[in-house]
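**Student:** If you scroll down you'll find the structure; I have some questions about it.
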Amino acid sequence: MKLYPLFADLKGLPVLVVGGGAVAERKIEALLEAGAQVRVGAQQLSGNLLEWSAQERIAFIGDTFQPAWLDGVWLAIAATDDRTLNAQVAAAATERRIFANVVDDPGLSRFQVPAVVDRAPLTIAISTAGAAPVLARRVRETLESQLDHALGALVGLAQRYRVRIVQRWPELAARRVFYDWLHDGPVLSLLRNARAEEAEQLLVQALAAEDVVSASGSVLLVGAGPGDPGLLTLHALRALNRADVILYDRLVSDAVLALARRDAERVDVGKRCGGRHTQQAQIHQLLLQYVQAGRRVVRLKGGDPFVFGRGGEEMAFLQQHGIAYEVVPGITAAMACAAYAGIPLTHREHAQSVHLLTGHGKDSLDAMDWPALAQSHQTLVVYMGVATLELLTQRLLEHGRHPDTPFALIENGTLAQQRVVSGVLHELPVRAQAQGIHPPALLIIGEVAAMAHAHAWFGQQTTATSHTSLPTSTEAGAHA
Ligand code: SAH
């Protein structure tokens with residue numbers, strides 16, 4: 001036996017809900033969204049239902065069920081925890097040929113309420129005929145993560161222009177090409193980027209154009225996060241699902257790449273553009289080449305594209321060449337490694353600010369404001385610092401940061417092989433060397449780093465540490 005799927009227009013129609021608890025409330029909310037006139041009968045109403053009743057959004061009709069409650073209604077839902085009462089409601093409804101649903105009881109139900117993915121006017125309803133509600137929820141979760149939230153706006157726009165679109169392209173084949181452009185191209189991007197007016201203008205232009213619009217290339221600068229694929233944003237995941245070409249850096253993890261569309265072309269620009277100086281220029285040329293060929297390009301970078309990722313340069317290049325782009329932020333190594341090492345970057349007592357620094361090269365170190373950085377009660381997070389640990393430590397000590405200031409070095413943060421080495425500042429270079437720390441590793445210096453050991457929750461606990469207690473505020477600040 002199969003259920004017949006159905007979307008009902010309940011606008012202005014009376015519907016009965018029996019029950020006044022949290023479950024009833026959820027059903028009533030959805031009915032109200034669909035414009036139904038909701039009558040509620042229940043022994044007791046929840047706080048919200050009382051409020052809605054006072055506001056006359058719903059009509060309260062009594063506490064003891066009577067079949068007359070069903071007079072004139074189109075649908076009924078029984079959502080009480082009394083099975084006999086639910087069965088009574090269902091039987092009375094069936095007698096009157098009114099469709100009834102009993103929450104969580106498919107045997108008593110004439111219709112079922114599906115799990116829903118809401119991108120109205122696009123609505124996706126999922127049913128397992130009551131056999132496996134958990135599976136229905138999982139399917140829903142999957143679709144939620146895959147489907148762009150701007151899709152609702154796109155469908156709404158297409159709906160408003162439907163007649164004109166059909167007039168303009170009476171032949172189905174041409175219309176399909178147009179719809180492909182609409183679904184894949186710049187209109188959806190503009191809607192996603194909160195530019196509804198421009199999106200509509202573009203649609204109007206396309207309707208007025210001579211030919212069917214051809215696909216145009218675009219670039220998404222996407223942050224891949226630090227490695228754990230669970231740290232991708234939904235935007236990043238969707239971009240990977242739709243990419244034609246992915247230009248990725250060395251730091252992007254295999255697990256993240258594995259999520260991309262199977263037939264997307266993957267270009268390892270970390271390897272391919274080896275030489276230090278030519279690297280960035282070559283990446284720019286590749287971007288240009290792919291996008292001019294009409295491909296959807298994802299430029300995938302470790303962490304966040306705008307934190308020590310040269311994303312700013314790539315964006316400026318694209319802008320200069322009139323290429324459409326979007327930027328999808330990623331979880332930067334500082335946030336991710338700190339969290340996965342149990343270190344809060346700020347703390348009411350121990351750190352009032354966070355500085356993100358790069359330890360890459362002596363020149364950048366020389367340019368830093370050491371007296372400011374050496375102050376206590378602030379957290380320093382150093383990217384690309386493995387090679388310059390000694391110089392960095394020396395500068396901080398020279399400018400008065402307390403030698404017992406805690407540090408944590410996090411190697412391969414968020415990956416299964418994550419390793420955390422902690423200790424105090426004056427012993428940092430020695431300990432890093434003794435533990436054989438290799439890039440990628442992130443260095444956190446500051447009072448908060450003392451929390452790493454006691455609060456560790458991720459990865460193997462092989463952690464080497466020589467300092468476990470949080471220093472008192474006077475202790476670590478004494479030399480400053
Ligand atoms: N755009 C990136 C940073 C690129 S610079 C971001 O926002 O995270 C590269 C440096 O980032 C590495 O040298 C290292 O210091 C740090 N890093 C990136 N991923 C890391 C990881 N998984 N574990 C530890 N450090 C990481």
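Cβ from N, Cα, C; glycine included.
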**Student:** Starting from the S-adenosyl-L-methionine binding annotation in TrEMBL that includes Pro226, Gly302, Gly303, Asp304, Val307, Thr332, Ala333, Gly413, which of Met315, Met384 is the extra site residue?
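**Tutor:** So, going by the record in TrEMBL, that would be Met384.
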**Student:** Give me the mean pLDDT over the region 'Precorrin-2 dehydrogenase / sirohydrochlorin ferrochelatase' (1-203), rounded to a whole number.
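**Tutor:** Taking every residue in the region 'Precorrin-2 dehydrogenase / sirohydrochlorin ferrochelatase' (1-203) and averaging pLDDT yields 95.
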**Student:** Could you check which of the recorded positions (Asp249, Val307, Gly413) sits closest to Gln43 (NAD(+) binding site), going Cα to Cα?
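**Tutor:** Result: the closest of the recorded positions to Gln43 (NAD(+) binding site) is Gly413.
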**Student:** Can you check what DSSP calls Gly303 (S-adenosyl-L-methionine binding site), collapsed to helix, strand or coil?
**Tutor:** strand
**Student:** Reported as an integer number of Å, what is the Cα distance between Val23 (NAD(+) binding site) and Pro226 (S-adenosyl-L-methionine binding site)?
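**Tutor:** Here the two Cα atoms are 40 Å apart.
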**Student:** Which chain-mates of Ala333 (S-adenosyl-L-methionine binding site) that are at least 6 residues away have a CB under 8 A from its CB, listed by sequence?
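**Tutor:** Ala333 (S-adenosyl-L-methionine binding site) has long-range Cβ partners Pro226, Gly302, Gly303, Val307, Tyr383, Gly413, Pro440, Leu442.
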